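Following: one structure in C-alpha cells, then a few remarks.
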C-alpha cells in the first residue's frame, strides 16, 4: 500500500511487512543469516480491532465488547517438550469503562471496588477482601489494610513519599523515612531493618555514591553516562574523558544525541572502555557484542563464560554458562543452559533451564497486558506425568460452544512426558501500576498413582490451598519485604544500589520461606543467569545497564543501554525508557552556532526540576552548540501530560520554523510514524489555545 513501509534492511537483516487495503499490518517477517527468523501474523475483527496475534511459539486471541473493552484473552503457548499450554482470562467493566473483575484462568475472580471516577479502595478475590485502601483528598494512598494488618504512608507537600510504617504480627513495625534535597534527589533512607543509606550525586544528577551500614558503593561515569571503574575517576567522580569533553573543541562530537564521536583528537584521554556505549570491561569482567550491539559473551575474571543467542528481533532466546570460554567450534555441553520464548507481543511465554546434575525446570508465564498475571513451574523427570482437574460448568474457551468445561487450573496437563508440576503463583499489582501488591502461591501435591494401559504408570496432581503473601515496597515500587497472611516476615531483601540482590532471609538470618522474583519496577529476576527480564529486554544489575539496545531506537536517548541516570528516582517498567509520569519535560529553542539556524529540542529529567536544571542535565552545562548561551525554554511541564505537550510543541515549533530546511534539526521530531503523534499534537494545540496540560506555561528565558 502506498506510503507504508514494505521492507527494511539493517545490514544483513531484512524485515518485510505485509498490510491489508486499510494499511493494517498483517504479517511481519524478520530474517538474518545465523539467527532464527521471526514471523508474526495479525488478524482484525470487523471493527478493525486486533483479534489475533501469533508466531511460531504462541497464539493470542482477543475479544472485545461493544464499548471496545477487552473482555477475554486466550493465550496458547507451544512448550519445548512438544506440549501446549492454554490460558483464558475474562474481564468485566463498569459504566465508566473501569475494569470491575478479572476471572483468572483457574476460575478465581479478582475484583476491584472503586469510588468516584474510578479510584480503587479495595481488591478482593472471590469476594473476599485482600487489600483495602484509604486515600486522602488528592486520592493518594495513605493507609492500606491487609488481613488485619496495616501500612501507613506519608507524603511531603510536593507529593513525594517520606514515611512508611508497616504493622506486623506481635506489635512489631517496619519503619522507613525518605529524605530529599532541594532539587528533588533522594539523599537518604532511614530503615529500622537496614539502617540508614545515604546517596550522593554528581552535578548532572547521576548517582555517585550509596553508603549503608554494611556497604559503600562509589560510581563514576563516562561522557555518555556509562558506569566505569571508580579507580579511573577523578575526585569529583568524573572520568578524564568527561572532563576533556567539557573542554573540547566545538567539532569534536556530532551534536545530535544519538550520534557517536566524529572527530578524535590525538591529545584526548582514553574514552573509557565503553566507546560507542558498548561496555567492553567492568570490574575485571569482559563483554563482547554482536553486530547489532547485543551482548554476546561475558567472561568473568575466573574465566566463567556466558554466551547469549538472540532471534532476528534481538530477543534473548538462549543463555549458556561454561567454566571457561569455549573454543570456536567447541560443542561441549554447558554447565547451565536456559532457553526462552516470546509471544507475538514480545511477552515471555516460558523459560526452560537445564543445569548439570539437576532436573530441568520449565516455567510458563501468563500475562494481563504488560503485567505478569501468573507463572506455573514444572520439573523434568524420566517418568510420565499427567495432571487432571475437577471440572466446572463454565466453558473454558469462549470461541468454542462445546469446549471442555473450565479446568481448575490453566489447562489440563495430559500426555506431557517427563514433566512434574511443582507450583503455581498468581500475582496481584497495585491499581494501574507495575508495583506488586500480593501473591497467591499454591504447590502441587500427588494425590493418586495409577497404571496406564500402555504399561507405564502415571501420577495425578492437585493444587494445595494457596498461601497468601503481601509485598512491602519502597518509594519506587521495589519489593523490600514479603509478609505472610499472619503478618510474619517471609522474605527480606538487601540490595545494592543498581538493583542486585545482595542477600535475602526471613528477617532473622534464616532462610526465606518464600521467593520474590521482582526487583525494580517491571523486572523479573532470573536466578539461572542473574539477569532481570524487563519486558522488552534484559537488565544486568551488576553493571546497571541493559544487555541490548533500546528497541525504540533514537527516542531512547544518547545511550541506548542506559537504565537511568540514577536508580533512586527512575523506574523503567517496560525496559524502554525512564517513566515520563515522574519526570520534568521541556521544549527549548536556540540558535545553532554552526548553521545559524534555530534548533528545536525536547529534554526530560526524572523528578521535579526547574527548566534550567533540565537544560543543564541535557547538555552537561556546556552550551557551545548554541554559541555558549543556553537556549530559550518554550515550555516546561511535569508527568505524562507534560511530556505530551512538550513533544507536541517541539513538532509544532519545528513546522512553524520551516521544518528540515528552516532549522538545524536533522530529523522530524515527531514524525508521521510516531504512534503517539496524535496525542502529542492534540496536547500542544490545546496548550496553545489556553490549556495547561501539566505545564507551567510557555515562556522564554
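The backbone N, Cα and C atoms fix where each Cβ goes, and this holds for glycine too.
Because the structure is a prediction, the values reported are computed rather than measured.
Per TrEMBL, compositional bias 'Basic and acidic residues' is recorded for 244-256 (among others).
Look at TrEMBL and you will find 506-516 tagged as compositional bias 'Polar residues'. In terms of DSSP secondary structure, the compositional bias 'Polar residues' (506-516) contains 0 helix, 0 strand, 11 coil.
Within its own chain, the compositional bias 'Basic and acidic residues' (675-689) has Cβ neighbours under 8 Å at 635, 641, 644-645, 647-649, 651-652, 695, 698, counting only residues six or more beyond its boundaries. The compositional bias 'Basic and acidic residues' annotation in TrEMBL covers 675-689 (among others).
Here TrEMBL flags 469-501 as domain 'RHS protein conserved region'. Sorting the domain 'RHS protein conserved region' (469-501) by DSSP state (H, G, I as helix; E, B as strand; all else coil) yields 0 helix, 19 strand, 14 coil.
If you look up TrEMBL, you'll see 223-256 (among others) marked as region 'Disordered'.
Residues or ranges marked as region 'Disordered' in TrEMBL: 506-526 (among others).
Residues or ranges marked as region 'Disordered' by TrEMBL: 658-701 (among others).
Note on the compositional bias 'Polar residues' (506-516): residues 193, 441, 467, 469, 471, 479, 481-482, 484, 489-493 of its chain, located 6 or more positions outside it, place their CB under 8 angstroms from a CB of the stretch. Model confidence over the domain 'RHS protein conserved region' (469-501) is summarised by a mean pLDDT of 96.
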